[in-house]
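Over in Swiss-Prot, the protein carries these features:
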BINDING   Asp133, Asp162, Leu163  S-adenosyl-L-methionine binding site
REGION    213-234  region 'Disordered'
Amino acid sequence: MPRTENDTWDLASSVGATATMVAAARAVATRAEDPVIDDPYAEPLVRAVGIDFFAKLASGELTPEDLDVSGDESPVGMSRFADGMAARTRFFDDFFTDACAAGVRQAVILASGLDARGYRLTWPEGMTLFEIDQPEVIEFKRTTLAGLGATPSTHLATVAIDLREDWPTALRDAGFDPSVPTAWIAEGLLGYLPPDAQDRLLDTIGELSASGSRLAVESVPSQQSADQDEMREKMKDSTDRWRSHGFDLDFSELVFLGERANVPDYLRERGWAVTATPTNDLLTRYGLAPLDTDEGFAEVVYVNAAR
């Protein structure tokens, strides 16, 4: 079923399943011969969600090669998807590392999903990390990691609220201080927001960001009306092969396509100093093979902004 602005989900359904998919890709990337990232919590979190397809992928019982069919013309195979998620994860990891090195001691992860940075990264003394996501997601991750004996590696403050609600008030109530510099990330989020909601989110972040704040996001390409059907067909092709392994969810129905603001330009116009890195530059930076121009997320740009 296509997305609506007030729809609901959990980690096993609709857009929530994308968090599980990305965590499975992080587990695959962690097992690589020369890994770009190390996320020891990805596999157990995916297993706990209970989607058999992703659990098998995360554990290695099902390999990306099992899904990458020779001659398949879908936009990106699972092996390349895992590479892309490894590079994406490392980009946001490095963003936090650099922000902390610059003296930032307050960070926010928007729509945190199965992100375990509050457990797996090394944070400086005096750091506070806020995670925002739906209450069920926050509680699931907390209880699952506690069951593994994992403890946060910094002061972790969870904010259990949907981003479509009054999350700035909830964030302040959790101890967020808008008068001090903040490092924000919105990883894998903007494409799942309607274009006007993307703008509102970026505006709100700006309103809450003191001088010295930083922001890292992905900028997904704007889709002209004539291109949307073609893009949806490409996305359907990417997931058709998964159905033979028992996972039936059409990811083409989960995103909001259409024309939207160019994120680097939008932020520059609002006083941010912006560096925009194309996906292939990021892959090359981390020693991974670049994508062809017609592969699934080759046009995504990674944005690092400061004010």
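For all residues, glycine too, the Cβ spot is worked out from N, Cα and C.
Values in this document were obtained by computation on a predicted structure and should not be read as measured data.
Features recorded in Swiss-Prot, as mapped to the structure shown.
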{"residue": "Asp133", "record": "S-adenosyl-L-methionine binding site", "Cβ within 10 Å": "27"}
{"residue": "Asp162", "record": "S-adenosyl-L-methionine binding site", "Cβ within 10 Å": "16"}
{"residue": "Leu163", "record": "S-adenosyl-L-methionine binding site", "Cβ within 10 Å": "19"}
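Taking the centre of the Cβ atoms of Asp133, Asp162, Leu163 as the S-adenosyl-L-methionine site, the nearby residues of that chain (Cβ within 8 Å, site residues left out) are Leu110, Ala111, Ile132, Gln134, Val137, Ile161, Arg164, Glu165, Trp167. Taken residue by residue with DSSP, Asp162 (S-adenosyl-L-methionine binding site) is part of neither helix nor strand, so it is coil.
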